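Listed in Swiss-Prot for this protein:
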DOMAIN    2-196  domain 'Glutamine amidotransferase type-1'
ACT_SITE  Cys77  active site, nucleophile
ACT_SITE  His178  active site
ACT_SITE  Glu180  active site
Amino acid sequence: MNVVILDTGCANLNSVKSAIARHGYEPKVSRDPDIVLLADKLFLPGVGTAQAAMDQVRERELFDLIKACTQPVLGICLGMQLLGRRSEESNGVDLLGIIDEDVPKMTDFGLPLPHMGWNRVYPQAGNRLFQGIEDGAYFYFVHSYAMPVNPWTIAQCNYGEPFTAAVQKDNFYGVQFHPERSGAAGAKLLKNFLEM
């Protein structure tokens with residue numbers, strides 16, 4: 001199977017690459033349209049700011065390429081947020097617009113921001129991405145912005161208020177947490193995605 005990690009220039013790809021390799025796949029890191037469009041599975045990781053990430057997406061001519069993908073795509077952390085419409089970061093950043101939902105800063109309920117560490121995730125029953133993962137399993141988060149719960153939410157987390165921990169629209173999936181840092185539950189989620 002052809003697994004590709006999209007080289008957005010704004011992510012530490014080694015941990016994602018290693019996590020995929022543990023399942024017996026050799027992912028390619030690329031932004032070449034021919035390689036990306038022929039991938040069976042595509043990963044869209046991201047760390048840092050939405051502005052820097054979208055600058056890289058445009059500079060590397062990835063905007064239309066990502067939107068043209070028909071294979072399963074998994075956005076991780078900031079990569080999930082990029083699937084949204086607009087981020088409140090940096091006075092507003094236009095995103096890919098695949099999911100018609102904004103990404104606001106998380107509300108301060110007296111809890112520290114960024115939301116960092118282990119938290120429970122509650123998936124919708126029956127979603128293939130969470131098959132075999134117990135309800136309320138712990139995943140590892142590091143973020144200050146989050147997509148609200150919306151019609152495309154497939155898993156929720158609570159940090160002062162509920163937010164989207166995972167999302168799906170058609171072939172595009174996103175997880176706000178880091179599956180590559182989330183132990184057995186994260187490994188199972190990656191396996192589920194790779195075996196779709």
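Glycine is no exception: its Cβ is also placed from the backbone N, Cα and C atoms.
Sequence features, as recorded in Swiss-Prot, placed on the structure.
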residue : record                   : Cβ neighbours (10 Å)
Cys77   : active site, nucleophile : 26
His178  : active site              : 20
Glu180  : active site              : 23
Pairwise CA distance, His178 (active site) versus Cys77 (active site, nucleophile), rounded so that it is a whole Å: 6
Rounded inter-Cα distance in Å - Cys77 (active site, nucleophile), Glu180 (active site): 11
Average pLDDT across the domain 'Glutamine amidotransferase type-1' (2-196), rounded to a whole number: 96
